[in-house]
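Report on the structure given below.
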Amino acid sequence: MVMAEGTAVLRRNRPGTKAQDFYNWPDESFDEMDSTLAVQQYIQQNIRADCSNIDKILEPPEGQDEGVWKYEHLRQFCLELNGLAVKLQSECHPDTCTQMTATEQWIFLCAAHKTPKECPAIDYTRHTLDGAACLLNSNKYFPSRVSIKESSVAKLGSVCRRIYRIFSHAYFHHRQIFDEYENETFLCHRFTKFVMKYNLMSKDNLIVPILEEEVQNSVSGESEA
């Protein structure tokens, strides 16, 4: 999209825009972004530029409030996990995946009910993403996207633990769908590095061997060199 000199760039996909023309505007530096949604825009811009460059995506701009940075990343993870949930619907059915499980040792109870109970995996996935969206859009806990109270930031860890179960179920029970989506988005890889960087989950709960595979591939590459 070439704009005349001095003309403001409309950073929005107009109705009727073709898929190949989505986001067809020049990148901005973070300092040039003057919207209250600047952090979200910056994260999404880096993902579009190269979703495999996880270190770049997770590196905050200088002086960025850490609570807001974690919050905006978690919102983005939930947005992208909806894409995985849509793909899972093709084979993750209530009569075949009757429980939200990962390995045989893990059965997860759904917190969307008054008393947590077992749900079919696809229902658990929907309930969990809906619950995360409700919390992250709550005016009570997150009235501002510019500054966030520490007591609200503390709630992000529980959201991380719950949405991670979507990755783990997909990995252990729908591996082809998981691999295809991961190869497109690097989403589980990015999420794993994110929660480790900010200590939002215990390493013992990170049961999808994403980083182990990375280390093995690195060692294999060095051996072949």
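Placement of Cβ uses the backbone N, Cα and C atoms for every residue, glycine included.
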Query - 144-184, 185-225 - the one Swiss-Prot records as region 'Required for STRIPAK core complex formation' - result: 185-225
Query - Environment of Cys110, His113, Cys119, His127, the listed Zn(2+) 2 site - residues of the same chain whose CB lies within 8 A of the CB centroid - result: Leu109, Ala111, Ala112, Pro116, Lys117, Glu118, Asp123, Tyr124, Thr128
Query raised in the report: Got a sec? Which of these binding-site residues, His169, His174, has the most Cβ atoms within 10 Å?
Result: His169
Requested in this report: Determine, for the Zn(2+) 1 site, the additional residues of the same chain whose CB lies within 8 Å of the mean position of the CB atoms of Cys92, Cys97, His169, His174; present them in sequence order.
Outcome: Leu88, Glu91, Ala121, Ile122, Thr125, Ala170, His173
Query raised in the report: Within the chain of His127 (Zn(2+) 2 binding site), which residues six or more apart in sequence place their C-beta under 8 angstroms from its C-beta?
Result: Cys110, Ala111, Ala112, Cys119
**Report entry** Nearest-integer angstrom distance between the alpha carbons (Cα) of His113 (Zn(2+) 2 binding site) and Cys92 (Zn(2+) 1 binding site)
**Finding:** 21
